[in-house]
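According to TrEMBL, the protein carries these features:
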ACT_SITE  411  active site, 4-aspartylphosphate intermediate
BINDING   411, 413, 861, 865  Mg(2+) binding site
BINDING   411, 412, 413, 515, 556, 578, 612, 692, 693, 694, 835, 841, 864, 865  ATP binding site
DOMAIN    887-1135  domain 'P-type ATPase C-terminal'
REGION    737-792  region 'Disordered'
REGION    1212-1251  region 'Disordered'
REGION    1274-1301  region 'Disordered'
TRANSMEM  92-111  transmembrane segment
TRANSMEM  289-318  transmembrane segment
TRANSMEM  338-363  transmembrane segment
TRANSMEM  922-944  transmembrane segment
TRANSMEM  950-971  transmembrane segment
TRANSMEM  1001-1023  transmembrane segment
TRANSMEM  1035-1054  transmembrane segment
TRANSMEM  1066-1086  transmembrane segment
TRANSMEM  1106-1128  transmembrane segment
């Protein structure tokens, strides 16, 4: 979908809905005055995401389908065939397949659109409660109008964009969940105007409310609203903090009332949703171009025949009218008559030669795509049992495009992550807790069978809380003072709000999920946060309630990156603080230096496992100092200028010289397999951009967790300027730094000059020291995507990353800067766009679509992802996270992000491979078939006489050659699914569009032309002057056509057999069956019993030895060179697929001797050593502490109680265990040989060894094994082996000898 230029260029610009004039500059509403509001014809609350209705379906769908030039081409042919004087073929031969293709596509579109209608109906018929005539009445959503007063209850979806009037909470606060808008599940606070809050839930007052509202026109800005309200002679300013947007959910609020400002398609949610578009694949678009070329080729042949016909009729035909009389309507004059016949012959040859692109091609394509969709739907490896959610292909037209994806645009929350925070580990007073140990103190691996700590003594413990180190419980129960202080701090230093449910269960409402995880952890360990007031916090410590006086909250912000509270208990004042280690360590007292070293070591351990860490510290404060500081703090808070800066100075002053307690480590749980999936997709050459509504800190930390950002990268470029000039300067500085890095830095190692500046305000963060470039990338040579282990150094010189904020993106997407943004993004290995709106997501996708010849894929799970899902070439919805909006708008649905790896690398690659093979073969066989008519024209006076029997022409692409290529297109695969994932570089030919393009099409055409010459002229030469055994002429026109047809059928099917990589029973049946069927059918159909004009021809021809010799020699001449060429290329210049296929055959041959042989997928990632300890409360929002201390958000009813290849030498005992658990032995006794000894690395002179990462596959030479040598394999336990990535040969006699084993561990 092409968005309007004004929307692309300026996200802040207003744009009016379709129903209104584009000149609308403001909206005027009178509350409770429907007559006045109706004058403006504002949109009602009815929404529609469908493409068609009953009346528009047929014309609109046919219009879309005839945009495919092939359909229009066949429609034109059908019209020609309706002219008897021109056509020698029945129109029904074109009508039936054309109607079939159009009907199948239309039915599929109708089913998809019917699902959209059902979804729309479900939404439009939701119940809402509207104030009408002084009473609350139940209405359906689609009957809600602008200016109506609506009542919402807790957990209700918000029906339209509302101005909040009053709520059940003190100070008219309400809490909303905005997951469908920005992907964040933490609650947002909205507050009504104080004057309207007095309306409460008094229906009489609400019905009498007659304010006039003037607001901005409908627009797509989620984070901003401008308006004013006039009531009782006063004017009130309205902003986004008083607006509830459609798609949000009311939480923790019994009821609220609001006025409808925008409804239906005018709401900001719908303004950010893209329109449904008709998607076509890259191959479809190429086919449109090729159809034009083929048609021009067809016209050229017809013109040749027409000119030749005119010449022949003028010179010869005119004189032989006694034998071949002209038609009655042909003029009798020589020139005029010849010209008329030539024109008719031109149209006749258009019909005869149209089989270069038969309609059966598109029938077959639709069938193959449908079968590919079934493979996706039926794949049990993409079935998520926990939610009974299989993968689903919601369209059948885009399957092969899954094999050509170059850019993936992914949402974060709910797509990459589960948005579940868990407390995993901690460090208290220099001791690390969280790793379970055995009786000897050795750390043991956590599995499903590992026992959790017993928290049954704690009545507030949560059932789903998991912690495995019982020693921490012992420390708490033994009253360790530092452990008690640690958890006391967690239960006091936060902005969490408690709520007691009706069943008495205590529940926390946290502004950020990580802060909620810390408070919940304290609760589970016996330090339960129970209630709070503006001036107190009540906790329960192991059954004893303690109340602290809350003196101050020193709130979090992006600069401080810490939060502190000052509390008082028993006349003792303490400051409790938590924050990022990079900040907190600078504020510690010198007495904590030794403890800081130990804690730093623990933080590094936590960071290596991808955990988010916070440092905890405290400080005792004297009452006199606090009183003096409080006076200065109060004075600073009243300043009108520089207030925030002065307060920050005072906060830092009191936070100096703190004492270190320890550190926490929490995990933002990724979905299973996300890091491995991203790493493998990156190796496949796919670039991943994360587009999220989350904050910058959140997005970057998740980027490191899921290995989108890695150690090999430089520090990310941060673009976060607020002005157009600032954004431009930051992007140009980043491009300059990359250019300097390319020009000045050696290929391997070393830092990158110029990368320490120009990162925006946060350049001190995310710094990774000197760059580390994988040597396997730096020293390898790119071979056009056929090398299994290298990236293209020209495309991806360095490992750079870009992080850009939403407000900066609004400027970067303007026409004058969008190419700069695109260039910068394409030079980076990873791009993260944070705080983006749904429409901005679509605009980023559109930017890449418009300027890059690349296939894009968007994946998300919420309503905020719908616009980019519709915009991308392929949209994928994650089911079961934030509703079904993304799934309903998607082309494919998956239950987990990890399944994307299999969808693309296996199903996508296979679909692309099969479709390309199918098309190449189809064009080859049809050019070979059609051009036989063209060569025959030179021997029939260009009279449009057909060489073949008309029935053979009709059945050639239906019975004789269609099934073999159809089965090939459905079942064929060059390598197995395990190898597709194991060697992701196999995916690159799809990205580079190598398997079917104009060049490959030309090869198929040339091969078809050559084949037609051989198929026609060898039988012609053999039978032209030949005699049968009785002395008569051996062949006539019918017999010649039968001979050529037989050779064509045999050769075409053998050629299909040559293209088949994966043989099944279906392949054997249809290939050999098609050949046998041809001969049997012709013998029966040409028999005397049928009384057809060809009666007796088959029996006569098949009885001639010359016929069989002719078929044999034509097939040999055409097939043998192709066999030789394939043999040469696969052995001398093999592709990666050829090498992997050889490896697969080696595996199969090995499995004949070892049935329990199995393949272990190697890890595609490396454990990161980067410290990511700056992850403080990364979804936290500044300003929440002020709400708490002011008491605004307190409920009146609150209850006070309530490398290349690593050689690893593994020493194994000669007595292995029965279960073959050599992996544990590997872990406990491994010795990594950093400097390999000659004995370990140098092969013997008689043992040739190929070195390098994936060296066997990357080598340009085939391995040669002597009779006494076998490939070395990677062993995994008793009797289980796996081909090693690095191939080393050794005498087979040593294979089963005892002693140490050498494992070759590959890193992709």
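Positions of Cβ are set from backbone N, Cα and C atoms, glycine also.
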Inset, instruction - Whole-number Å only: compute the distance from the Cα of residue 864 (ATP binding site) to the Cα of residue 411 (active site, 4-aspartylphosphate intermediate). - result: 9
Legend entry - Region pair the transmembrane segment (92-111) / the transmembrane segment (338-363), three or more CB pairs under 8 Å: yes
Legend entry - Pairwise CA distance, residue 865 (Mg(2+) binding site) versus residue 411 (active site, 4-aspartylphosphate intermediate), rounded so that it is a whole Å: 7
Legend entry - Contact yes or no, the transmembrane segment (1001-1023) and the transmembrane segment (1106-1128), 3+ Cβ pairs under 8 Å, gap 6+: yes
Inset, instruction - Ten-angstrom check, please: count other Cβ atoms within 10 Å of the Cβ of residue 612 (ATP binding site), all chains counted. - result: 29
Inset, instruction - Give the number of CB atoms, excluding that of residue 865 (Mg(2+) binding site) itself, located within 10 Å of its CB. - result: 35
Inset, instruction - Run through the Cβ atoms and count how many others sit within 10 Å of the one on residue 835 (ATP binding site). - result: 21
Inset, instruction - Going by Cα-Cα distance, pick out whichever of the recorded positions 411, 556, 612, 693, 835 is nearest to residue 861 (Mg(2+) binding site). - result: 411
Legend entry - residue 693 (ATP binding site) and residue 411 (active site, 4-aspartylphosphate intermediate), distance between Cα atoms, whole Å: 8
Legend entry - Residue among binding-site residues 413, 864 with least C-beta crowding, 10 angstrom cut-off: 413
Inset, instruction - For the transmembrane segment (338-363) and the transmembrane segment (950-971), check the count of CB pairs under 8 Å (sequence separation 6 or more) and say whether it reaches 3 or more. - result: yes
Legend entry - Cβ contacts under 8 Å made by the transmembrane segment (950-971) with residues that lie 6+ beyond its boundaries: 88-89, 93, 355, 358, 360-361, 364, 367-368, 371-372, 914-915, 917-918, 921-922, 925-926, 929, 1041, 1045, 1048-1049, 1052-1053, 1056-1057, 1059-1060, 1062, 1064, 1066-1067, 1070-1071, 1073-1074, 1077-1078, 1081, 1085
Inset, instruction - Go through 922-944, 1035-1054, 1066-1086 and flag the stretch with the largest number of C-beta pairs under 8 Å relative to the transmembrane segment (1106-1128). - result: 1035-1054
